[in-house]
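Report on the structure given below.
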Amino acid sequence: MAQRNCWRRSWLGVGGGLCLGAHGAARGPRQLFHLTAKQSSAASDAKCRRWRAAGRGGGAGGVYNGRGAAAGSRQTSGMAHNEHPHYKFFESKKASLVMAPFSGGQGKSGVEDGPKYLLKQGLREGVEGLGWEIEVQRPLDGHDFEERKQRATEVVGRAKNPTLVGEATHLIHDAVRAAAHAGRLPVTLGGDHSIAIGTVSGVLDRYPDAGLLWVDAHADINTLASTESGNLHGCPVSFLMGLERESWPAPLAWVPGTLRPSKIAYIGLRDVDPEEKEILRRLGITAFSMYHVDRYGINKVVEMALAAINPDGTGPVMVSYDVDAIDPMYVPATGTPVRGGLTLREGLFIVERVAETGNLVALDVVECNPELAAHDLHVVDTVQTGCSIARCALGETLL
């Protein structure tokens, strides 16, 4: 989560094979393990992998899980390969697009426009073309969260804007919860990643045993004691798990905090604070960094992640997808880009594979920020990627 505290643009090509970590320490290149056997016709994917080799920080680390099993020993029972996307929890194929134009979990403006741009790019029509009946929910309409943020000076302990975040995420929680209980698949468009406090808790109200795939460059599990920035988009997982509840500001006291460590798995991590690493280890949380994607390949990583949170392969799974999990070559208009990320195809494969299991019950797509684009093409690239994530999760295939 380190770059939640300091946005860097090292991905622009600064430096000769070295990048700076969260605290300024030089991080060197790391050999890739699986790429020689992996053929790609896309030159940009190959270039992204070279950037990954040069720019990804950190050591090999481990895959942390609640039962201490090695990653390679994970079984994938109940998950057949080569299936078509299907949705056993939503045979009627009804979904709710929940608009969450909220930026109060961090300091930059523009991310509140993400949902508007995703819709303008044709996300709704694309999903309807896949056979889904769509309704649009706007739980934040009529509230002046963005205007209030411009005037906000509230800090409780280290937490910035806890009242804004608490109120907005509660409204989002209620909308997602209602959609899930009505038999609709909630697809929430953010907004910054603090909105997941509302989305995940809303889904867990309907599916208390659901597993959560958190696809992100950052772990977002800082507590109010460990966060350096105070930005709550770097803390949603700690709230969802009920960590250090005694320190929570009153506006966030409504959060149930029922997510169990054994029910979350990360994919795509590459910028994690030291305190977050300790939390992951202490709680035994399954976490796959870009090292593991490089070593095992994305297919095996996804299978291991799904097996960790859904051992028998039959339970519900939700996906909370921060677009910065994908390398900024493909997703430049986002608030905390970190080079060395997933290729576009790797990023889409994750949700394609979840769709094939039939277990998807909810999706978040967050952190598209058109205002941070250097030019219009960056906006198009980022927004099109966000739309592709949603379409692939809801059944779009290459063949």
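Cβ atoms are placed via backbone N, Cα and C, with glycine included.
According to its DSSP assignment, D322 (Mn(2+) 1 binding site) is in a strand. Summarising the annotation, Swiss-Prot assigns Mn(2+) 1 binding site to H193, D216, D220, D322 and lists sequence analysis as the type of evidence.
In the three-state DSSP classification, H218 (Mn(2+) 2 binding site) falls within coil. Residues annotated as Mn(2+) 2 binding site in Swiss-Prot: D216, H218, D322, D324.
If you look up Swiss-Prot, you'll see H218, A219, D220, I221, N222, S229, G230, N231, D273, T336, E367 marked as substrate binding site, on the strength of similarity to another entry.
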Entries of H193, D216, H218, D322, D324 which, being binding-site residues, have CA atoms within 10 angstroms of D273 (substrate binding site): H218
One residue among the binding-site residues H193, H218 has the fewest other C-beta atoms within 10 A of its C-beta, namely H218
Near D216 (Mn(2+) 1 binding site) in space, meaning Cα within 10 angstroms, which of the binding-site residues do we find among N222, G230, D324? D324
Calculate the distance in Å between the alpha carbons (Cα) of D322 (Mn(2+) 1 binding site) and N222 (substrate binding site), and round it to a whole number. 16
Cα-Cα distance, maximum over H218, A219, D220, I221, N222, S229, G230, N231, D273, T336, E367, record's substrate binders, Å: 19
